[in-house]
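Input: a single structure, listed below in structure tokens.
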């Protein structure tokens, strides 16, 4: 595939948010029939750059040209008119409307909608991409992968010539990723330019013709994909100083390529199998209108093991977290922590029974306006209260100790809202671990964290496991689960479809289970 | 020009924002004062400085501030918990009704019994009026903004009904209640002034509130419930129960304000017993950013303006309503400034539009 002249060109794009330089004079181009991958870890400035191209953020400097003509993009409408289409991680589809209506919706003026003509155009656009979805189907009946394809069709409907896919595989099963890649190849052959934004090296290596690497807001490298190794890309992404295993684990390289991070076998020496499980769920069901969010969910976590719970989001993870954490009571079933039934206990009762929790929604677990020291004791106020009064000295001493032990970059009196994501996660981790839980339930424990914090969280979870506690990690990131866990279970429609020791948990097998195919444990 | 969100906010920013808001308020309210034919400078002096520059004026300000302290702290207590009690007006009125019920039925009590009883009855009246919306909120998740607000005119109708019926004045036949027995007269806080012990009670309530919010575990739980209810629930804090209780306490404090007003100022129940104190309390609490210390400062400031407005209207022959305009403008500008301080002005990116773009060679 020989790229022709550049179609979309960015030059010198600069964007500052206060002191933070999100994009520092970034220049790149996409030609017709070319797939350019933009690689960078979380926080490297990829999203900001894409928002600038799509008119959601105004740059402080730099120019954008299409076919050599300068563009002034101040809204997504301008971007679309210039031939730029974007598919973001969050879809903008109306669930109660059909595929045709959704596609037509984005181009409706004040006049009436010619449904027949719209349908025909939708079908044409789908043919171009090789997408087969009934135009009359409601969005609510489509899978996540199908919805993403509808978004792509929507972009093509606007005669787009450059398509931006922002982290398109984050929400997909391995099978859906395959289908997406085929779609992208087909689009490329029709002469479309594709900008593929990702932080996953493997995907980038597979799909792109050219890779540009963004680090801390600057363009640090540009390579032809065929002439570069994944390790070179990884070190570009991380900067020269990061040791190789950091690089690989952070960017989602297959575990096999990273011997240092090789999965640890379940500790059989300690005789974990005979010891009483620290977390047992038996037939836990949570009814919801339609179908149950949790459907006779049954599994256990033994002391000294890290169990991963894989699954595509929306299959009961949030509800499971609520039921485990005591925020919501299950309709039926039984939850045991360290041998004691906690099914009907409130949050406090569960904490006392030995449960620790680390939620996905970091900001939803702290009170941002309260200080670090107060957030640290929020779950355990009675221990820091004397006759109803806050024991200031004890709270401060606890905070200082925890800050030292967990290396939190803050003072006890800083409001939590002023902390970075990594430090906030450390506060939450410290809060959960300082009560010495028998079992820790962690949802997406490293989402959005930088390499250092990512490593740190994994170390802490391993350390907790090694002291004999059980850990349950709920995550959509298979690579993370494989590098962290001893055993991986798969959640599908609120039930476990199977479990595998980490050594046998290949993407293909997990992927099959994540879409509902049962696999023997 | 356009607004850009600030990355970092210096500590002096809120102070500067309030200062700017005050300047804008002064500038804007100069217009209607001018239109009313007065000299804005002279008017401002009288609004703000004259009441505070004499002992008598100061007493008047304290007297006017008293009901605002009650309603302001009442609203702050509820808002802090994340319960939007807009019903302090009705709770204040029902507090006055509660006190009146006791005073009319036991007119001859000595003051050592009558005064505490009067306050308790007022508190219970306000609490009772706050209970229904709080219960509906807890049981049925019914929006308390609507229910508390709608109960305000109902409370006024209750007062009017009582004054037109059973409590009509037995001597004059007017729609005021009989005068309370002497035991129910709140003694002056400062002898020789009209400032009564209601002011002292209000200050005590403010201090207790400050103490609870800053020093106790319950206070921290209430703050967490108000600022981040989901996180509070996650941490095992009984958010709904705390809100329910805060709502009742809020109602009781507003009701105590009604008790203070009937026993300290009117000595009888009148239809105009609440001069919109409940609504002004929302302004007080909001301007004070829900801080107890702030409630005191803002209540005194608004009282200062109200007292000054009387003076201005007498001396400069302008309507007293200009004082209300001034207070309302202050609320709007302060709230706007507090929001706008999160942003800074930046030149629009369009400037580069006509300029020669960075050449393509440089870029590639």
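Yeah, the Cβs are placed from backbone N, Cα and C, and that goes for glycine too.
Summarising the annotation, TrEMBL assigns transmembrane segment to B:12-36, B:56-79, B:86-106, B:112-132, B:144-163, B:195-213, B:277-302, B:322-343.
No contact links the transmembrane segment (B:12-36) to the transmembrane segment (B:144-163), because fewer than 3 Cβ pairs that are 6 or more residues apart lie under 8 A. By the count of Cβ pairs under 8 Å, the stretch nearest in packing to the transmembrane segment (B:86-106) among B:56-79, B:277-302, B:322-343 is B:277-302. Simply put, out of B:56-79, B:112-132, B:277-302, B:322-343, B:56-79 has the most Cβ pairs sitting under 8 Å from the transmembrane segment (B:195-213). Only residues 6 or more beyond the boundaries of the transmembrane segment (B:277-302), in the same chain, are considered here, and those with a CB under 8 A from a CB of the stretch are 61-62, 65, 67-76, 79-80, 86-93, 152, 203, 206-207, 209-210, 213, 254, 257, 261, 327, 330-331, 334-335, 338.
When Cβ-Cβ distances below 8 Å are used as the criterion, the transmembrane segment (B:144-163) is approached by residues 83-87, 89-91, 93-94, 96-97, 100, 129-130, 132-134, 136-137, 175-177, 247, 269-271, 273, 278 of the same chain, each at least six residues removed from its ends. When Cβ-Cβ distances below 8 Å are used as the criterion, the transmembrane segment (B:112-132) is approached by residues 74, 85, 87, 90-99, 101-103, 106, 147-148, 151, 155, 181, 183-184, 186, 197, 201, 247-248, 250-260, 262-263 of the same chain, each at least six residues removed from its ends.
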